[in-house]
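Under the heading region 'Amidoligase domain', Swiss-Prot lists 1-267, citing sequence analysis as support. According to Swiss-Prot, the UTP binding site annotation covers 13, 188, 189, 190, 191, 192, 193, 224, on the basis of sequence analysis. Residues or ranges marked as CTP binding site by Swiss-Prot on the basis of sequence analysis: 13, 148, 149, 150, 188, 189, 190, 191, 192, 193, 224. Swiss-Prot lists 14, 15, 16, 17, 18, 19, 71 with the feature ATP binding site, giving sequence analysis as the kind of evidence. Per Swiss-Prot, the feature L-glutamine binding site maps to 54, 354, 382, 383, 384, 385, 406, 463. Taken from Swiss-Prot, the feature Mg(2+) binding site applies to 71, 141. What Swiss-Prot records for 292-535 is domain 'Glutamine amidotransferase type-1'. Under the heading active site, Swiss-Prot lists 508, 510.
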């Protein structure tokens, strides 16, 4: 039977539950435990797919096409596992499923109530993860903060789980904040005491308290929390703010959490193998020269909107021995000030995914600037589309008004257009091209050189595609279609041959990057940018016969 770790949060939101859960997963995996993870989100949306990035941050897409919480990205990166739609459950999904069953008559005329119908549906979703993944331990994060009215059915469900699967198979972890009062230099425990009491009111007694703080906490603070929370002192785990999120597993391991969890769950003492992770953290903290990379978007005020892109850039920088210095550039600011003052000091430009026409001309301009000045460029989803639009305007003429029908339904040159199967769709949620799809690569290209194989699978999230009516025209002018669907109908990757490194992809490679294994496209993009930095200017690099950039780039 699988065992379950339920992680709740108290005092304040955004204290680091997601990173804590991901780190616990890493500690257990390092001990040879088969782990899976699930996030329970109390919001009533069915998924975050239609939510504003300002409300929710990034929408993380799983291999099977689910639009999920950004915490799943942390889980995948830390544990190095591909999760599925089972790993993200929302109140909207739960109520939709229960109402559908009621409409079918599955409840035989019974009155539908939160208990037992809603809670049973939640428990069924939790159990499904263990059943379908074969995990020994399922770690379940409950979104929000204890005391939120939306979270009550989820707390009741996880309370019942201890009775359903046995007390020895369930463990509750509460992540809480210890505020530091600057005027007195004190760390206050009272909010944590109240949070633990609030959790007890719904019938849950925490087995472990993870204490988030900006500074290391003294032993007397741990003793005090252990007394009031009625837990072992070793179950009060200090977690102070660290330089890199990838340090967190090592901080928790040093505090003894890994061994404590395995002993409490009856898994025995297992020696962890964290050598590779320690090496990773050492490389992260080692001094490196900074490499300025521009990230051009319209949500740059909220970095969480592009969190997987940021992490993928950092992974690649770590691999290439540079510290990626991300310059957050608003595409609307480019529209106002032009590219030169904002982009002249960067050595690579990334335009990530997005929707809507706000700031779109700034993104198109950034793609054009990279093309004209020989700056390495990586376009992701929308970033590939704006690169296509920019190139088309260059080929056909600026007055052509080449565009995407997403931004101009009446453009005379729709080089980016609706996918045919999207034309009759009216609902927004869950209706895009979502999840992993195969892409066949063209030998002798940057893309093929990066991957080193003939076909790959990458994750998608889009409605619009490259318009094949313009393919021959643009190819004749120097555009290279280096990746396409196996049937040849969909253009997936474009690049420019006479350029240091200029690649646009219709998918989201950032979702598959790992700290120990950077995504090939990000790796080679940063390599090209680093080479440009070494040479001190932007100039074309030779494309060797096997499709790799010059040997100096690979150095």
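Backbone N, Cα and C atoms are what each Cβ position is placed from, and that goes for glycine too.
Feature map: Swiss-Prot annotations on the structure.
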{"residue": "71", "record": "ATP binding site", "contacts (Cβ under 8 Å, 6+ apart)": "17, 18, 21, 22, 39, 60, 141"}
{"residue": "189", "record": "UTP binding site", "contacts (Cβ under 8 Å, 6+ apart)": "178, 221, 224, 225, 228"}
{"residue": "192", "record": "UTP binding site", "contacts (Cβ under 8 Å, 6+ apart)": "10, 11, 176, 177, 178, 209, 211, 225, 228, 229"}
{"residue": "193", "record": "UTP binding site", "contacts (Cβ under 8 Å, 6+ apart)": "225, 228, 229"}
{"residue": "382", "record": "L-glutamine binding site", "contacts (Cβ under 8 Å, 6+ apart)": "351, 352, 353, 354, 355, 363, 462"}
{"residue": "383", "record": "L-glutamine binding site", "contacts (Cβ under 8 Å, 6+ apart)": "350, 351, 352, 353, 363, 367, 504, 505"}
{"residue": "385", "record": "L-glutamine binding site", "contacts (Cβ under 8 Å, 6+ apart)": "379, 404, 416, 464, 466, 504, 506"}
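Residues 14, 15, 16, 17, 18, 19, 71 make up the record's ATP site, and a Cβ search at 8 Å around their centroid adds 9, 20, 21, 74, 175 from the same chain. A coil conformation is recorded for residue 508 (active site) in the three-state DSSP classification, outside any helix or strand. Residues within less than 8 Å, Cβ to Cβ, of residue 16 (ATP binding site) and separated from it by at least 6 positions along the same chain comprise 175, 212, 239, 248. Among 13, 148, 149, 150, 188, 189, 190, 191, 192, 193, 224, the residues given in the record as binding CTP, the maximal Cα to Cα distance rounds to 31 Å. The recorded positions in question are 141, 406, 510, and the one with the fewest Cβ neighbours inside 10 Å is 406.
Spanning the listed ATP site, residues 14, 15, 16, 17, 18, 19, 71 have a farthest Cα to Cα distance of 13 Å. Between the binding-site residues 18, 191, 354, 18 has the most other Cβ atoms inside 10 Å of its own Cβ, all protein chains included. The maximal spread of the L-glutamine binding site, taken as the longest Cα to Cα distance among 54, 354, 382, 383, 384, 385, 406, 463, is 23 Å.
In this structure, residue 382 (L-glutamine binding site) is part of a helix by DSSP. Comparing CA positions across the recorded positions 149, 190, 191, 508, the one lying closest to residue 15 (ATP binding site) turns out to be 191. When the binding-site residues 15, 17, 54, 224, 384 are compared by the number of other C-beta atoms lying within 10 angstroms of their own C-beta, 54 comes out lowest. When the recorded positions 149, 384, 406, 508 are ranked by how far their Cα is from the Cα of residue 188 (UTP binding site), 149 comes first. Here the Cα atom of residue 13 (UTP binding site) is found 13 Å from that of residue 19 (ATP binding site). Cα of residue 149 (CTP binding site) to Cα of residue 14 (ATP binding site): a span of 17 Å.
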